[in-house]
Each structure stands twice: as C-alpha cells, then as structure tokens.
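Q: Attaching a single structure in structure tokens format; questions to follow.
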Amino acid sequence: MAKLTVSDLDVKNKKVLMRVDFNVPVKNGVIGDDNRVVAALPTIKYIIENGGKAILFSHLGRIKTEEDKKELTLRPVAQRLSDLLGKPVTFVPVTRGAQLEDAVNGMNDGDVLLFENTRFEDLDGKKESKNDPELGKYWASLGDMFVNDAFGTAHRAHASNVGVAEAMKADGKQVAAGFLMEKEIKFLGEAVDEPKHPFVAILGGAKVSDKIGVIDHLLNKADKVIIGGGMTYTFYAAKGMSIGNSLVEADKIDVAKEILAKGGDKIVLPSDSIVAEKFDNDVPNKVVEGDIPDGYMALDIGPKSVAEFKDVLKDAKTVVWNGPMGVFEMSNYANGTLEVGKFLGTLSDATTIVGGGDSTAAVKQLGVGDQLTHISTGGGASLEYLEGKELPGIAAISNK
C-alpha cells in the first residue's frame, strides 16, 4: 500500500509538524556525526521552499534523571541545522506550554523551529516512550499536518510518531512520510518483497539472537544468505565444530541448528578465520581454516572466506548487508568488513542496500557510499523491516 508523502501535501501557509530523527552523538555540546541532520534536509527544504512553516521535533538519547537534560538538549543540533540551511532556526527549550505555543504562532511562512528533546517527557512517567495519548494530542494540536521522516524510530510506538499521527488523523488532518522515510520504505520494501534475483543477504555482527528473525525471514526470500561476524561461531558450534574461545551464544545453538537445517545450501558460512589468543589488536594473529584451535578466538573472516563471499556476490542483482564480518573497530580485524564494502561498491548492476552502524561506517571509511543504492539510517528499524514486521511508525502514516 503506497503511503502519502510530503510531496502530496499542500504546505503553503501551513504549520507542518515534522518528526525528524536528530538522535545524533553529542558530547559537551559538540555533535560527533551530523549524518541524520543532513538526511532530514530535503524534506525540511521542501516544506519551507513551498511556503510552509516547519515545526521540528526529535528525541535524543535516553533521559533518566534531571542531570541528563543538560547533556541531551537539542540546542546544539538547532545551531548545526541553522548552519546547514543557511538560515536561522528558532530553538524552543521546552516540550510544551505557552512558550512553545507562542513561538509556533509567531512563525512566518518559510520559518524553521525546533523544540526540545521529546524524551524530556519521559522523566514524568515515560509519557513519550509509552505513547501517552494526551501528549500525542497536544503535539498534534501545534500543526495543520504531520510529516514523519524519522525512520530510525519507526519500530517504536511513541507519542511523537504514532501518538501524533493517530491524533492528527482523528482530527481529519493529513499524515505523510518525509522523503527519507519514503526512500527507506521504497528500498528496504522492494529489496525484501520484490527483489531482483539473484538476491544475496549478508548478515554479520556478534549475536545470532539479534538476527534470528532476519535470517529466518530472508531464507524465504533470498537465494543466498552469507553469515559473518561473531555469530558465525554459534553456527560452527551447531555443526559440531571446535570454536576455541570464540564468542558463542550457548542458548542459541539449537536455533542455529534449525536455521542450518532450513537453509541448507542457501547459507554460506566463512571457511577460514583470523584468530588470536586475546581480544586485542596488538597480539599476534594467524589465519586458520575450519575449526578454531583451543586457546584462540576468531576475530575476523579470513582471505579464503573473502574470496568465496565475493564469488557469491559477483552475479547478485539485489544485496542487503547488515552487520560487520569481524571486530571492525580493531584495525587488524576490519579487513573482512572493508573487503565486503569495497566489493559491493563495484556491483554497478545490482541494488545494494547497507544498514547497521559498523557496515555504514565501513562504507564511509572506504568512500563508496555514492556507488551504493541506499544506506539505511535505521538500526533496529531496518532489522525489523527486514524481518517482515509491520513497523508502527510506518503503519500510522496515511495511505494514498
């Protein structure tokens, strides 16, 4: 079902309430990575260039104490957004009340306003995170229409996405996806529901438990599922192989056995690993094939696995990659992840979609982002979408 998008709305002279995902790393008032702010620009610009008033709101981190508020204010984000837009952004340091209402009512067409971190509302009974209906209604009352561009929180039913959307729709107001949300739905949705074949999924990361649902769902859709990262060794254990001191989720070995039985030759596991005696970048390491020797732990896929994975990928028409092949944050164990990222950049005939923090970081480090079809901004949201789940934040957007 196609969703209403911001380009379907008549925003002129309208107060457009827009949920953005400005959950960026901030330390002592300095933003570490403004990627998510940049990703929201096309929708913000569309609203203001077409004569609308953009009222933005977002969460940032988790608020558990009054002290957290100082470190997790959105004020530095408003400043960064102002720099990126080249125009003033009014920052309102509250989440409700007369100060916010007056600021909204004083806006001119083309103005941009950002109000304070929605999770400030969590100090008093988790009103944001538990989707308090009164809070959703209050925020909805600030705008004439609602645009949700925060894919990163689409898997959560919070007051600032689902609550606002439901209240808006109950008032007969329009609820639409922003351009970023639209792009995520298009690429992730098409990759899973209407992929061009061969379709190869690459799933990495430390824990099988994080990816069980995704592996299970994608085995029904993909031609091959490549498994790398720490979770490899839970599968090794399920096959009765030796894993030395490698990471293993003992309580997931039976699940891994079921996945191997279901997947058969669709599943591609690493055939060799780079191992060391300690979880340390500076100790000697070596390449071993198959079983991991006693006293050693596997920290990356080996060169043979890299070559085999490339062989599986070379004819692919759709590739979805989520999760690193090894301990990416240690330079000696980043090679598997970097090699996969580099190779995806050469697949010019394929739709290539990357999600997850380490995979995205690898792509950036390599500078191959422009050669890929789509880099997803949602961590947990991407995974749940790849599991085939309906995400509440997306479900709440009006259909066309």
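Start at 1 and count along the chain as shown; that gives each residue its number.
Glycine residues also receive a Cβ, built from the backbone N, Cα and C atoms like all the rest.
Given the structure is predicted, the values throughout are model-derived calculations rather than measurements.
Grabbed the feature section from Swiss-Prot, which reads as follows:
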- ASP21, PHE22, ASN23, ARG36, HIS59, LEU60, GLY61, ARG62, ARG119, ARG156: substrate binding site (BINDING)
- LYS211, GLU329, GLY356, GLY357, ASP358, SER359: ATP binding site (BINDING)
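Explain the structural surroundings of these features, please.
A: Of all Cβ atoms in the protein chains displayed, 28 besides its own lie within 10 Å of the Cβ of HIS59 (substrate binding site).
Around ASP358 (ATP binding site), taking its Cβ as the centre, 21 other Cβ atoms fall within 10 Å, counting all chains.
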Q: Compare the Cα of SER359 (ATP binding site) against each of the binding-site residues ASP21, GLY61, ARG119 and report the nearest.
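A: Closest by Cα distance to SER359 (ATP binding site) among the binding-site residues ASP21, GLY61, ARG119: ASP21.
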Q: Around SER359 (ATP binding site), how many other CB atoms lie within 10 A of its CB?
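A: By my count, 25.
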Q: Radius 10 Å, atoms counted are CB only; among the binding-site residues ASP21, GLU329, which position scores highest?
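A: Going through ASP21, GLU329 one by one, the largest Cβ count within 10 Å is at ASP21.
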Q: Of the binding-site residues LYS211, GLU329, ASP358, which one has its Cα closest to the Cα of GLY61 (substrate binding site)?
A: ASP358
Q: ASP21 (substrate binding site): which of the binding-site residues LYS211, GLU329, GLY357 is the nearest Cα neighbour?
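A: With Cα distances computed to ASP21 (substrate binding site), the winner among LYS211, GLU329, GLY357 is GLY357.
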Q: Expressed to the nearest Å, what is the distance separating GLU329 (ATP binding site) and ASN23 (substrate binding site) at their Cα atoms?
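A: ASN23 (substrate binding site) has its Cα 22 Å from the Cα of GLU329 (ATP binding site).
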Q: If you draw a 10 Å sphere on the Cβ of GLY61 (substrate binding site), how many other Cβ atoms land inside?
A: 14
